[in-house]
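Structure first, commentary second.
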Amino acid sequence: MTSEGKDANTVLDPQSIQESEEEYRNPTEVKMSQIVLPCHANHYGELSAGQLLKWMDSTACLSAERHAGCSCITACVDDIHFEHTIEVGKVVNIIAKVNRAFTSSMEVGILVTCEDLYTDKQWKVCHAFATFVARRTEAGKVQLKQVIPHTQMEQMEYSLAAERRRMRLIHAEIITDLLSSSTAQLGECQEYQGAVPAERTRVESVELVLPPHANHQVSTFGGQIMAWMENVATIAASRLCNAHPTLRTIDMFHFRGPSHIGDRLVLKAIVNNAFKHSMEVGVCAEAYQGGEPLRHINSAFMTFEVLDSDRKPRTLPRIRPVPVDGKRRYQEAIARKKIRLDRKYIMSCKQTEVPLSVPWDPSNQMYLSYNNVSALKLMDTRNNWVLTSEKNKVRLYTLEENHMLCFKVEMHVSVPAAQTFHLLSDLRRRKEWDPHYEECEVINQADEDDTLYRVATPSVSKGSKGQDFILLASRRKPCDARDPYLIALRSVTLPTHPPTDDYTRGEVLCAGFTIWEESHFVTKITYYNQATPGVLPYISTDIAGLSSSFYSAFSACSHFLEANKDSLAAL
């Protein structure tokens, strides 16, 4: 999953970076700076992606071990998108820090920037997330200490880490289901005149794991394995295009088992499919010692481009898959490309650049749900809200930025958090307390956590039409006691429910509830609403009228929760 950061062409100001560092330094933060020498570069005079992966893995591992106080191993790495290549003579700066620790695993954020020593400019190369697991000690399983976020940025990453962890746990199963359903609809492979046989791109190489390849735990560096995998993948890509390819993305992958000194690592790569300007290479790493059977260490899918003299992607030759297994890989590569584009479209754009309503289908549910929950969590971590008014212990805050008006309503109720979550997460019951919800029907119960609703609201003036919304509601229970219950809402589009003449189709960019348990019987409810002017039923140019509308609705919400808590006592 590529994290949204600064724009790829944005130059980082070293002075501002230094000033922010002097104010506060994360105790788990580790920095590495390396000047790119010819021995680190490929024949194109650019830093080898494999070498960069080794540096990233080493830096992240040191950060994880600084927090854990014991040895750690790389468990998985999320999607990586390389925005720029790095030339010989430039300096690579890598910053790694632990975003959040769970029981025995932790997420480490890795930021890679490139520095030009002559112009004193820096720019972002990539931003990645890796998961490390603390190794067992003689006393038994490790229980990691909590990460305490101090800044708004750390709080944001801490909160989002729980959602990213959820995606990792379900990622493999969902991708498998999507591939099986997608490839069944793709039909037969197309034959192209002059297509390059996939067999020509097949690469197999073996590496003997020696002490320099191992870490201080006598296990093969995860970064070293990634570097070897990138090497054979690059050779396979080169055989298709007879040119130097540039690695652009690596899909999320998991290390399935360890490798040690003395292992023989067998690395296999082949081009699965070639599109107009990119190709997907599948690569596999297996290990063995002596006569023992092969152990599967890792598999990855890497996307390459070939750039011309103007640094623009060249048109690539098509591929002719090998019979049987090659056709499956060919078709799955098409499905993975769609999944990759959906993921980038939904998750990698800045919030203000994503269209309000994204088409929903099973193939992008995981990413829409992540985006939905993440947007609400980002609003919850903002600290520049302005208290507009307070009435009957209900507080109304506002925030205006990027031509968007955001609202926050905060109140306390004497109802347990789990019961509050259960009552508020069923939008069909919201009309019992919110006059803006005239109708609400379930369109699709996607799974236990994600539901699609159609919500209709009454007209705001005489003679005008009401609004209706197609909303994705994503529910989340706390990952642990440091998280709230969440109910996130955002608009999606469905072909089965197009706009009608009876209603004006409204859109919600981000809305929802965070529900914090302050004690067994006291719960803090915060409602958020973000929209461009005129698209939400609450929006009004009259702040006084808007405040009155919020107060009325949420006073009724408090009474609704109090009245129904006894019926849910079993929870």
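Cβ from N, Cα, C; glycine included.
Look at TrEMBL and you will find 26-138, 199-310 tagged as domain 'HotDog ACOT-type'. Among the features that TrEMBL reports, domain 'START' is placed at 385-554. Among the features that TrEMBL reports, region 'Disordered' is placed at 1-25.
Counted with DSSP, the domain 'HotDog ACOT-type' (26-138) comes out as 23 helix, 56 strand, 34 coil. Mean model confidence of the domain 'START' (385-554) amounts to 86 (pLDDT, 0 to 100 scale). Counting residues per DSSP class in helix, strand and coil order gives 26 helix, 50 strand, 36 coil for the domain 'HotDog ACOT-type' (199-310).
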